[in-house]
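Report on one structure; see the data block that follows.
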Amino acid sequence: MKFTLSWLKEHLETDATLDEICERLTAIGLEVEDVDDKAAYKPFVIAKVVSAEKHPEADRLKVLMVDAGDGKPVQIVCGAPNARAGLVGALARPGVYVPGIDVTLAVGKIRGVESHGMMCSEKELNISDDHDGIIDLPEDAPVGTSFATYAGLDDPVIEINLTPNRPDCTSIYGIARDLAASGLGKLKTKAAPSFKVEGATPVDVKLELDDAALCPGFSLRIVRGVKNGPSPKWMQQRLMAIGLRPINALVDITNYMTFDQGRPMHVFDAAKVKGDLTVRRAKDGETILALDQREYKLGPNNVVIADEKGLESIGGVMGGEHSGCDENTIDVLIESALWDPINIAKTGRSLGIITDARYRFERGVDPEYMVPGLERTTELVLELCGGIAGEAKIVGYKGHQPKVVDFPLSEVKRLTGLEVSSEESLAILKGLGFGVEGTGERVSVTVPSWRPDVDGKADLVEEVMRIHGVDNIKPEPLENFGAVNGRILTTLQIRTRTARRALASRGMLEAVTWSFIPEAQAKLFSGGSPALKLANPIAADMSDMRPSLLPGLLTAAQRNADKGHGDVAIFEVSGTYEGDTPEKQRRVAGGIRRGTASLAGSGRMWSNAAKGGGKPVDVYDAKADALSVLEACGLPMANVQIEAGAPAWYHPGRSGTIKMGPKVVLGYFGEFHPKTLSELDVSGTYCGFEIYLDAMPEPKKKATRTKPALELSPFQAVKRDFAFVVDKSVEAGAIIKAATSADRKLITGVNVFDIFEGASLGENRKSVAIEVQIQPVDKTLTDEDFEALTAKIVGNVEKSTGGVLRA
């Protein structure tokens with residue numbers, strides 16, 4: 001929305017400077033996007049083309065002799081199609097900066113002919129996007145004077161960025177009203193138009209619509225005997241300053257009303273209208289040649305104004321060329337109507353038409369100004385074009401039913417925290433045109449017809465707040481969050497974050513997969529229950545809520561493999577679903593490894609089969625990943641038990657279940673069953689795991705939140721290897737537990753590094769090799785100390801498992 005400073009001051013009595021006005025506009029929610037003081041236009045002068053001859057070396061160029069008022073014509077080479085003798089336009093001499101092309105002119109030769117300047121187009125001056133020809137001014141434009149002064153370009157132009165909910169500020173009068181309400185001046189009011197009316201308007205209007213909301217009102221008046229010449233200089237200057245091209249007085253008046261009062265108008269040449277006017281839906285395939293010289297094909301979704309011969313206008317969007325007004329117009333029909341905002345928006349989008357009328361109608365114009373707008377336009381036509389006004393015809397309009405809001409003034413403080421007095425709140429609302437009835441802390445507020453965006457109490461609070469000024473809100477320090485008791489994050493949230501970090505530290509990459517999977521995959525992982533089917537899935541293969549993270553991770557890994565990335569290690573920490581109630585949603589940390597993506601060091605260090613013969617991933621990689629999550633989450637690993645076997649999607653002999661006690665299942669790990677991989681259409685070597693973070697027991701509450709000091713031993717750790725021959729039925733975990741119990745203070749870790757079965761060991765026997773890490777605490781251990789500890793380890797394993805030390 002553009003307007004000049006002088007135009008604004010026609011409606012606002014104020015001594016405020018340009019900077020003060022712009023600052024206040026932004027403060028009250030009308031953000032100033034640009035201010036153009038037009039200083040760059042001062043060097044341009046009005047000049048007349050004395051002669052125009054064809055360029056000797058170029059068919060599309062002309063050699064002009066241009067008089068700038070000093071009696072010394074200068075030679076200019078010009079390529080504009082409308083360049084001709086007698087044309088009056090804007091001249092830029094050598095040394096002048098032309099903003100639209102970002103060039104400072106100099107004397108030069110064009111195809112061998114010297115040129116001493118430039119006749120400019122509107123686009124070259126950044127006035128508009130029109131570059132079809134050079135500026136063509138009226139013949140009586142004063143040659144030799146400043147073009148900026150003549151065109152009103154020395155008047156600062158303010159452009160504000162309007163939000164769609166403020167149709168009242170698509171008028172300069174509406175902007176002035178907001179500024180006056182904010183205390184920056186006084187709103188000027190004009191007397192109601194007064195003129196003599198003679199005779200009836202001979203054209204009737206019929207509304208033939210199946211939905212009255214498409215055109216809630218239509219008013220029409222004839223003015224006979226007009227003289228449609230150029231509009232006065234003051235009007236032309238204002239229109240040109242905001243980027244509009246003056247055409248003739250009648251058209252310029254409608255454009256002026258659009259910006260001045262926010263009331264789009266339209267004029268028909270009465271002589272070109274045949275019979276009465278009908279407002280109706282367009283017929284399928286009907287066409288109209290519009291004022292932009294383009295033909296549009298219409299349909300039943302478009303509302304049109306038609307006479308007996310055909311279409312004359314696309315209602316609320318653009319008029320037709322056939323009934324347009326020109327210098328020969330004697331009798332004019334002035335239209336002021338109301339249109340459905342949604343239909344206008346759809347019509348404009350479907351036809352690709354953007355006009356100032358559409359911009360206002362699709363946001364909503366003031367319904368109560370339909371007839372006053374007609375009166376004001378009639379007054380301007382009589383003043384500028386002469387003539388005799390006929391009686392107005394008004395059809396369809398049933399009046400505006402205003403909204404009334406019961407408004408407790410205490411809402412201002414409740415919703416904003418602002419300390420605004422009741423007197424100021426009421427003064428602001430009255431200044432904005434709201435009707436206020438009642439006294440005390442609760443009043444009845446009538447919303448004005450030009451504010452369709454105001455609907456309830458919160459909207460009224462917003463009006464008070466923006467005019468009072470958000471700058472008046474005193475800064476308040478935030479509360480002291482250090483005084484908050486207890487943890488801000490829940491235990492589950494902390495464990496979720498910890499699991500992510502633990503798996504990332506093992507070289508795995510985090511993935512985010514869909515929570516929706518195909519029904520076949522859901523059933524493969526013990527899901528597919530009717531309660532977990534989506535009523536409206538986004539795709540046919542996303543019909544069920546996932547019972548496990550693994551199908552999504554496996555298919556994601558396969559997509560990577562298909563693109564040449566065969567060694568993949570990815571994880572996800574998210575939700576799975578066992579039922580349709582909140583307690584049936586699980587928080588799970590899951591991951592898979594493919595190919596040779598085994599952890600071979602710290603960080604993202606994977607072994608690679610192509611570089612050194614890395615081994616394929618196996619059940620032990622998945623086990624290590626799963627246990628790392630439990631350990632990072634602070635579970636007592638001595639109480640964690642591992643049992644053989646897992647759900648059906650795992651390999652029956654290469655998988656395990658992680659438990660804490662006989663009933664608490666913490667998760668599963670292992671290699672995947674070949675049938676599972678086949679059903680998912682994935683290939684390769686895979687292992688994976690899932691840990692149920694919500695199944696972990698709550699940590700015991702400690703007396704203090706302070707962590708104990710970290711104690712590090714100054715002595716070197718020592719590792720000892722043992723190989724025990726045990727029955728095949730003995731689990732490795734039992735051996736680890738027995739070895740650890742030999743001395744929990746000195747033994748800091750026990751790991752299995754080899755399992756061997758062979759005839760040399762005997763029937764149903766196996767060898768389990770473990771590595772025991774011994775960390776001295778307060779002294780260096782002697783050989784006697786190690787021998788005693790070794791004997792205790794061997795004795796504990798033999799007692800617990802029946803195992804003997806392998807020779």
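Heads up, the Cβ atoms here are built off N, Cα and C, so glycines get one too.
As given in Swiss-Prot:
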BINDING   Asp453, Asp459, Glu462, Glu463  Mg(2+) binding site
DOMAIN    38-148  domain 'tRNA-binding'
DOMAIN    400-475  domain 'B5'
DOMAIN    713-806  domain 'FDX-ACB'
Residues that sit under 8 angstroms from Glu463 (Mg(2+) binding site) by C-beta distance, when 6+ apart in the chain: Ile428, Leu429, Leu432, Phe434, Val454
Cβ atoms near Asp459 (Mg(2+) binding site) (within 10 Å, other residues, all chains): 17
The domain 'FDX-ACB' (713-806), counted residue by residue under DSSP: helix, strand, coil: 31 helix, 32 strand, 31 coil
Shell list (Mg(2+); ref centroid = CB of Asp453, Asp459, Glu462, Glu463; cutoff 8 A): Asn165, Arg451, Val454, Ala458, Leu460, Val461
For the domain 'tRNA-binding' (38-148), mean pLDDT (0 to 100): 91
DSSP-assigned states of the domain 'tRNA-binding' (38-148) in counts, ordered helix, strand, coil: 5 helix, 40 strand, 66 coil
